[in-house]
Amino acid sequence: MERASTAVAHQTARFALGRPILVLAGPGNNGGDAYGAAALLRDWGHEVTVAALGTPKSGAAAAMAQRWGGATVALSQAASRPVVVDGLFGIGLDRDLDADTATALCWLVAAADVALAIDLPSGLDTDSGALRGAADGYTLTLALGALKPAHVLHPASTRCGTVLLDTLGLEAQGDWRSVARPSLAAPASDAHKYSRGMVAVIAGEMPGAARLAASGALHGGAGYVVLCGASGGADAIVHRAHGDLDALLEDQRVGAIVIGPGLGRDDAARARLDRVLASDRALVIDGDALSLLGRDLPSAVAARRAASVLTPHAAEFDRCFGASAASKIERTLSAARQSRATIVHKGAGTVIATPDGKILVAADLTSWLSTAGTGDVLAGLIAARIATGGSADEAVWLHGRAASLAGPAFAADTLADHLSEAIASCR
Ligand SMILES: NC(=O)C1=CN([C@@H]2O[C@H](COP(=O)(O)OP(=O)(O)OC[C@H]3O[C@@H](n4cnc5c(N)ncnc54)[C@H](O)[C@@H]3O)[C@@H](O)[C@H]2O)[C@@H](O)CC1
Ligand SMILES: [K+]
């Protein structure tokens with residue numbers, strides 16, 4: 001708590017630049033950090049007011065309150081100040097903020113020029129990222145010890161402002177990491193189109209979606225992309241008829257197959273899906289393929305001999321694994337173990353889990369990705385990375401980067417065009 005208070009005080013001083021500071025101190029150790037920071041800031045010459053909610057419950061927090069020693073006002077009586085430091089609740093929040101607390105907090109944060117949250121904005125559920133009365137408008141959140149899921153999971157992550165991490169010298173990192181920029185090499189000097197990675201995309205009722213996936217694979221670095229069951233589209237994509245499916249599944253050069261984008265949900269689609277599932281090729285299973293399998297998916301995929309990557313959005317995830325109130329991180333991990341597949345659980349804050357328990361989170365994806373077809377591009381891109389010996393998280397990073405490069409209001413058709421620049425930034 002000494003280290004936490006000191007880190008908070010330093011960060012606050014950097015932003016305060018002499019302006020009056022209001023420190024909000026709750027009853028737990030988050031409040032302890034707040035009292036400690038208030039005492040330091042006062043000792044450094046800042047004008048500090050403390051608004052208290054309840055009295056400190058732990059010995060450490062009580063000691064910090066004693067160190068502050070000065071007057072406190074009740075939270076409900078606090079006047080706004082240009083700088084607000086929120087130390088009401090951190091990871092110990094176990095219920096919604098009551099209405100009076102939420103109202104006072106929202107008003108004080110909104111009225112401040114700078115609002116800094118200690119560890120987490122008060123009123124966020126640490127593990128699930130749900131809103132439990134949190135205010136909007138924080139300038140920054142100083143995460144203490146380690147990042148928590150709420151710093152990266154939607155909707156909590158949208159309330160944090162800029163998140164800074166101070167590890168406080170603790171080895172406290174949880175079991176998940178943020179998706180990081182991958183390090184990608186150019187193809188080997190003796191590479192040819194098949195050694196670069198060969199991807200097959202199985203088309204169906206809506207060939208446009210499969211074409212987008214094929215384009216994602218091609219621009220994602222695959223050496224050879226086959227679109228099975230659709231004609232037209234980009235010239236470098238090789239077209240095959242649905243009648244060639246069995247030959248394609250036997251072709252050992254095929255490094256990964258995408259099935260699901262625009263597949264349809266009729267009997268023909270189901271028959272194709274069953275043949276592909278029975279193959280020993282690595283699969284990316286997306287869209288209609290996920291919906292066709294529904295609650296049978298975990299066992300059907302777990303029985304496969306080759307690797308599978310599933311790319312559900314929230315509704316598809318629920319369709320396959322059932323709805324639950326657990327956090328997105330826990331649910332995705334449990335689904336990965338159950339289906340023995342890598343799961344890319346899409347949405348605002350994409351969570352990736354592997355069957356061996358690796359968890360990665362991509363938090364800061366542009367919201368312009370929320371347009372039809374971007375998921376199809378991602379499915380193809382994942383297949384390309386797998387076929388070239390890479391991983392799904394590389395694809396998620398490249399996809400997010402390409403979307404940022406594409407700018408606002410892009411169409412999914414042009415997203416793949418930005419993958420080259422995204423890959424170029426990974427050397
Ligand atoms: N655990 C650690 O290793 C460290 C913890 N630190 C700080 O300690 C914080 C966690 O402290 P605590 O576990 O004491 O938890 P908090 O300080 O977040 O709050 C817990 C207290 O608030 C009460 N409470 C919870 N929800 C409430 C609600 N909606 N309305 C009213 N009362 C509510 C609880 O009954 C409990 O008394 C961290 O967020 C961080 O700021 C830091 O000092 C650094 C190290
Ligand atoms: K807080």
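Cβ from N, Cα, C; glycine included.
As annotated by TrEMBL, domain 'YjeF N-terminal' applies to 1-176.
According to TrEMBL, the domain 'YjeF C-terminal' annotation covers 176-426.
Neighbour list (G262 ((6S)-NADPHX binding site), Cβ cut-off 8 Å, at least 6 residues apart, same chain): A203, G204, E205, M206, P207, G208, A209, A210, G287, D288, D376. Annotation comment: TrEMBL describes A209, G262, H313, D376 as (6S)-NADPHX binding site.
Every protein chain considered, the tally of other Cβ atoms within 10 Å of the Cβ of A348 (AMP binding site) stands at 17. The feature AMP binding site is assigned by TrEMBL to K346, G347, A348, G349, T350, G375.
Across the binding-site residues listed here (G347, G349, G375), the residue whose Cβ sits among the most other Cβ atoms within 10 Å is G375. Residues A209, G262, H313, D376, recorded as contacting (6S)-NADPHX, have a largest CA-CA distance of 16 Å.
Looking at the residues that bind AMP per the record, K346, G347, A348, G349, T350, G375, the two CA atoms farthest apart are separated by 14 Å. With the fewest other C-beta atoms within 10 Å around its C-beta, H313 stands out among the binding-site residues H313, K346. Under the three-state DSSP scheme, T350 (AMP binding site) falls in the strand class.
Using the Cβ center of A209, G262, H313, D376 for (6S)-NADPHX, the list of other same-chain residues with Cβ within 8 Å runs, in sequence order, M206, L212, A213, G260, P261, D286, G287, D288, A372, G373, G375, A379.
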